[in-house]
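**Student:** Quick one: structure below, then a few questions.
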Amino acid sequence: MGRRRIRSRIRKSHFYTFKCLRPKTLEDQGPHIINGPGYTRIVHCNQPHLHLAKVLRYTSNYVSTTRYNLITFLPKCLYEQFHRVANFYFLVAAILSVFPLSPFNKWSMIAPLIFVVGLSMGKEALEDWRRFMQDVKVNSRKATVHRGDGDFGRRKWKKLRVGDVVKVEKDQFFPADLLLLSSSYEDGICYVETMNLDGETNLKVKRCLDVTLPLERDDTFQSFSGTIKCEDPNPNLYTFVGNLEYDGQVYPLDPSQILLRDSKLRNTSYVYGVVVFTGHDTKVMQNSTKSPSKRSRIEKRMDYIIYTLFALLVLVSFISSLGFAVMTKMHMGDWWYLRPDKPERLTNPRNPFHAWVVHLITAVLLYGYLIPISLYVSIELVKVLQATFINQDLQMYDSESGTPAQARTSNLNEELGQVDTILSDKTGTLTCNQMDFLKCSIAGTSYGVRASEVELAAAKQMAIDLDEEQGEEVTHLPRTRGRMHGYAKMPSKTSSDIELETVITATDEGDQTQSTGIKGFSFEDQRLMGGNWLNEPNSDDILMFLRILAVCHTAIPEVDEDTGKCTYEAESPDEVAFLVAAGEFGFEFTKRTQSSVFISERHSGQPVEREYKVLNVLDFTSKRKRMSVIVRDEKGQILLLCKGADSIIFERLSKNGKNYLEATSKHLNGYGEAGLRTLALSYRKLDETEYSIWNSEFHKAKTSVGADRDEMLEKVSDMMEKELILVGATAVEDKLQKGVPQCIDKLAQAGLKIWVLTGDKMETAINIGYACSLLRQGMKQIYIALRNEEGSSQDPEAAARENILMQIINASQMIKLEKDPHAAFALIIDGKTLTYALEDDIKYQFLALAVDCASVICCRVSPKQKALVTRLAKEGTGKTTLAIGDGANDVGMIQEADIGVGISGVEGMQAVMASDFSIAQFRFLERLLVVHGHWCYKRIAQMICYFFYKNITFGLTLFYFEAFTGFSGQAIYNDSYLLLFNVILTSLPVIALGVFEQDVSSEVCLQFPALYQQGPKNLFFDWYRIIGWMANGVYASVVIFSLNIGIFHVQSFCSGGQTADMDAMGTAMFTCIIWAVNVQIALTMSHFTWIQHVLIWGSIVTWYIFLALFGMLPPKVSGNIFHMLSETLAPAPIFWLTSLLVIAATTLPYLAYISFQRSLNPLDHHIIQEIKHFRIDVQDECMWTRERSKAREKTKIGVTARVDAKIRQLRGRLQRKHSILSVMSGLSGVSASTDTTSTTQHS
């Protein structure tokens, strides 16, 4: 059985180490034999029994997502618990406690360990049980499977086998990865929703092979058989390489024929498919890898504190053992009751070394309470509750989408309060990813007069005085690189003039543009609307442009039966906007079949339906940056229609296809500067011979099976996508999300650096930067770009690298030499340049420059570059980084950052699934960090410090008493006290601290974002504060022990004249500890709820109740504690007075310190607390404003920085004006004096 499992695992690999395990292939199986590692899977269609052979033994369709099973739970979970240092120590201590050397009863060590570890294991078991029940539910789903002779029956998913023919009906999930054989549609297409795989809600079209179309009924599968040879299991959702051998022919397979497990059949009655991958071989399971393990900085430092406490434990144990050895050697003769004449090995004065070694074990067990056993479980519980509060925060709930914030992991709550740098995607993160068709350029003419939202916002953020400039001859708009370019007014209004007037008017009216009321279409220009384009001089080019919009895509139309209107499911929001625009212009895409698209053209008279035969589709990829379709129109003309990035299209134009290149380039630059997303549109006419030759090459490439198939397809596509004719370009608007500028302003005031990493062109990114206040007028912009060094004799790569390094060095030097303290720099770099800047010999200089800049914008970057920049910022600065994005291309940087935040947007849920926290909109990041991050950081930091304080206070009293009793190894406390201390009596108040503490309210956090800097500066968990709390614990332990020994030792303490025995003294001392540590935590808190009062004071009351009840038990159970409270301690006033004295003495240093700090060196939150408590913000608004203004002193980005810069500019102008007036006044005075003198002389 074991060998089968090993071979099964090896079978999943892309590369086979053992030749004997590779599937055999026969040379007579056809011309397309799959060779090479990674392409060895053979599937016998409709013959699943053939896969039972050893060499083809595939995994079952049973899927398990659990971490444990009945056999592995105990060992694996115990390992998870005891690889923690503290838990391992207590395990060793519990084992040693069963031997006579232990100073405690064994259950006082074993019971707390069982409780803490059992609680953690119970939590793991509960979570895994939920996963198991979900697995059972999924595996028990029923599928319709061919049982032979054309008969189909129901079978559980887990019993499906490779090769089974499955029938899936509408709105059902696919039970495994299937090869589509046929569907209810006559042309063999079906619609699939992949939300469970990649989160995308857009429907995808799948198409079966023409040869399997006849398999459309159950009885047609009676004699069906075929062989699939394809790639091995892999996690790539978007690729599939294979062949189908059927009826003696070989047919190529691609991703359009594969139906993936957990995707859903939509808008299709039924499909038939054959199982290719099952269970953990399916692509969805191959993608279910664990996210990288992340630990917060506080948790990492906590490990070092644990090690410090271990060092303290070893130190006091060593001292105790050494003292015991000395006492044994020097004083054993005086202790007659120990029978020194018959010494035991432990008390033999002739062998003190042996006594030292044996006592060392006793001491290590005795002082083990220095290590907080309940620390880990308490922190886990607190973090879960904190995450619940984040999830339930209504201020981060998006009512439009019904999406709340979600803490997908609770391990990083406190890390939210220590973020230094935010790395953000642009599209869908800062912007909405809801595209509106706004402008276009056709045949060298720009159409569309409506101003973009970015133009309006950028104009506003750059503080353009429109009132002054409307009367001038030149009107300014924000342009590339922060310069102000002008447009001269022309006698006849051009589109640019109309556009400028729109900007001015809209800005005056509050930046509110009117909407067309059509989602995806904000275009406004009567020259193209209502068929008016027929009157334009280049109407033929406009016709081709609009047909490209309507035909060149892979979208799916859905017609509403009630209204008759079409909606579209497309792979990107851009395509939907194009189709909506085409429909508004009179070219409505109405129907798609496997081989054709149908367009209803109504530009002249009655609507005419035209059919375009789709011959080939050259899909869009991030590498190609373009897509093309080859169609045959109704006249038989073959056309290649292509759209893509302008840089890609322009280099593929023919000589006679560049007629509009210059004008279109100019328009594209303007669109980019207006923050619009642009694409160039082109076409090419093909003749039959040329197409036939190319199509045969394309078929060969598509039929090939191997690692180089994509490369071959790209090469063949390049052969066709050339000699293009440029028609025009599109410009769609991706609007800023609600509240983005305000959020960025708050984050900037909180001291956070913001870097934008986007795949858009530089002009678009820059203007988005202006719109959201990452850039502003007067900010010095540094551009790092590749420059051609003409005449250079050295290697081009080396020359480029050297040139970029020099640019970085010069820019860094310029920043250092800058004397203006208010100067702000922005770094802008593109993807090509970034490739060199991220190399090992340059990247740290680049990082140093980026850190010195107020904002960083990286344009045209790939997903891999996003991850590399994030890693550089994280590892290079050593500070906490947060990455935020919404698409699959952001997954790398989200997983690479210390904290990953996913936005549940239009692009799907892949970013969310890879993230640590998810929110619906970027603006919620403000509250997530400034409020919850600040609170969680401070709560966890104070909680951990207090944990160490209380355990040092308790543990060192054991050491003092042992020293007081001659290092005898005797514990002063009853074993039951030890059992309760960490687990019950002091754990609940500290949990209340970690869950409910607030230094200031959420409103004040947002009003005073500079408070957030306490986290990145680590003010509450630096070594000074940690050592301070430990020192406070040492002081409290000394005070408690000294006062109790001084009061209760060798003197009567009650009216009956009795002296206190060890148990009475231990009980009194333990009572003082309970009071001291609980009063200390009450003084630590700034915010109280009734829950905190109940838990703090209830813990003290619980101690007295326990003492009373335990003392009522028979002496056989309670031992020396029998009636301890009721008869011994409670009647003695000194017992109660000692508790009050200890409370006053132990809290005195903390009160003195906090009073000194608040009076002479207050922290920001101290000032805010006093202002709010005494309502000074209401009585003295100027002081409140002044305190809030501290947040903006170092802010160089955001709306606030822009306003401050404007104020400084106006003050400078005013000072210069006064200076000029003073000089003019002085000159006029001198002139008047001169005139008087000359007049006198003349007289």
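Any Cβ shown, glycine's included, is placed from N, Cα and C.
Taken from Swiss-Prot, the feature topological domain 'Cytoplasmic' covers 1-74, 124-305, 378-941, 996-1025, 1085-1090, 1154-1243, and the record attributes it to sequence analysis. Annotation comment: Swiss-Prot describes 75-96, 101-123, 306-327, 360-377, 942-961, 976-995, 1026-1048, 1062-1084, 1091-1111, 1129-1153 as transmembrane segment. If you look up Swiss-Prot, you'll see 97-100, 328-359, 962-975, 1049-1061, 1112-1128 marked as topological domain 'Extracellular'. Look at Swiss-Prot and you will find ASP425 tagged as active site, 4-aspartylphosphate intermediate, backed by similarity to another entry. Per Swiss-Prot, ubiquitin cross-link is recorded for LYS623, and the stated evidence type is similarity to another entry. Summarising the annotation, Swiss-Prot assigns Mg(2+) binding site to ASP886, ASP890.
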**Student:** Quick check for the class: what is the C-alpha distance, in angstrom and rounded, between ASP886 (Mg(2+) binding site) and the residue listed as 'active site, 4-aspartylphosphate intermediate'?
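**Tutor:** That comes out at 8 Å between the alpha carbons.
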**Student:** Across the topological domain 'Extracellular' (1112-1128), what are the DSSP residue counts per state (helix, strand, coil)?
**Tutor:** 13 helix, 0 strand, 4 coil
**Student:** Would you say the transmembrane segment (360-377) and the transmembrane segment (75-96) are in contact under the rule of three or more C-beta pairs closer than 8 Å, pairs 6 or more apart in sequence?
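**Tutor:** When sequence-distant Cβ pairs are counted, the transmembrane segment (360-377) touches the transmembrane segment (75-96), since at least 3 lie under 8 Å.
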**Student:** At an 8 Å Cβ cut-off, counting only pairs 6 or more apart in sequence, do the transmembrane segment (1129-1153) and the transmembrane segment (101-123) clear the bar of 3 or more pairs?
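**Tutor:** The answer is no, given that the two segments have fewer than 3 Cβ pairs within the 8 Å cut-off.
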**Student:** Can you tell me which recorded stretch out of 360-377, 942-961, 976-995, 1062-1084, 1091-1111 has the most Cβ pairs within less than 8 Å of the transmembrane segment (1026-1048)?
**Tutor:** 942-961
**Student:** Return the residues near ASP425 (active site, 4-aspartylphosphate intermediate), defined as same-chain residues 6+ apart in sequence whose C-beta is under 8 angstroms from its C-beta, sorted by sequence, else 'none'.
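**Tutor:** For ASP425 (active site, 4-aspartylphosphate intermediate), the qualifying residues are VAL756, LEU757, THR758, LYS866, ILE884, GLY885, ASP886, GLY887, ASN889, ASP890, MET893.
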**Student:** Take a look at 306-327, 360-377, 1062-1084 and tell me which one has the most Cβ pairs under 8 Å to the transmembrane segment (976-995).
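**Tutor:** Per the Cβ count, the answer is 1062-1084.
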**Student:** Could you check the recorded positions LYS623, ASP886, ASP890 and say which one's CB has the fewest neighbouring CB atoms inside 10 Å?
**Tutor:** LYS623
**Student:** What are the DSSP helix, strand and coil residue counts for the topological domain 'Extracellular' (97-100)?
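**Tutor:** Going through the topological domain 'Extracellular' (97-100) residue by residue, I get 0 helix, 0 strand, 4 coil.
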**Student:** Can you tell me which parts of the same chain pack against the transmembrane segment (942-961), counting only residues 6+ beyond its ends and a CB-CB cutoff under 8 A?
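**Tutor:** Beyond its ends, the transmembrane segment (942-961) has Cβ neighbours at 298, 302, 305, 309, 312, 316, 320, 366-372, 375, 378-379, 382, 970-973, 981-982, 986, 990, 993-994, 997, 1020-1021, 1025-1026, 1029-1030, 1032-1034, 1036-1038, 1040-1041, 1069, 1073, 1076-1077, 1080-1081, 1084.
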**Student:** For the transmembrane segment (101-123), could you work out the same-chain residues 6 or more beyond its ends whose Cβ comes under 8 Å from its Cβ atoms?
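**Tutor:** Tertiary neighbours of the transmembrane segment (101-123) are 77-78, 81-82, 87, 90-91, 93-94, 358, 361-362, 365-366, 368, 373-374, 376-377, 380, 969-971, 975-976, 978-979, 982-983.
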**Student:** Give the nonlocal contacts of the transmembrane segment (306-327) in its own chain as ranges (CB under 8 Å, at least six residues past its ends).
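**Tutor:** For the transmembrane segment (306-327), the nonlocal Cβ contacts are 85-86, 89, 352-353, 355-357, 359-360, 363-364, 366-368, 370-371, 948, 951-952, 956, 959, 962-963, 966-969.
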**Student:** Quickly jot the same-chain residues contacting the transmembrane segment (1091-1111) by Cβ under 8 Å, restricted to those at least six beyond its ends, or write none.
**Tutor:** 976, 980, 984-986, 988-989, 991-993, 996, 1067, 1071, 1074-1075, 1078, 1081-1082, 1085, 1118, 1121-1126
**Student:** Would you mind splitting the topological domain 'Extracellular' (1049-1061) into helix, strand and coil residue counts from DSSP?
**Tutor:** 0 helix, 2 strand, 11 coil
**Student:** Excluding the flanking five residues on each side, which residues at least 6 beyond the ends of the topological domain 'Extracellular' (962-975) place their CB within less than 8 Å of a CB in that stretch?
**Tutor:** 103-105, 107-108, 320-321, 323-324, 327, 331, 359, 362-363, 366, 1045, 1062-1063, 1065-1067, 1069-1070, 1119-1121
**Student:** In the three-state scheme derived from DSSP, which category covers the residue listed as 'ubiquitin cross-link'?
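**Tutor:** In three-state terms, the residue listed as 'ubiquitin cross-link' counts as coil.
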**Student:** Please report, as numbers and ranges, the same-chain residues at least 6 past the borders of the topological domain 'Extracellular' (97-100) whose CB is under 8 Å from any CB of it.
**Tutor:** 106, 108-110, 365
**Student:** Where does ASP886 (Mg(2+) binding site) sit in DSSP terms: helix, strand, or coil?
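**Tutor:** Reduced to three states, the DSSP call for ASP886 (Mg(2+) binding site) is coil.
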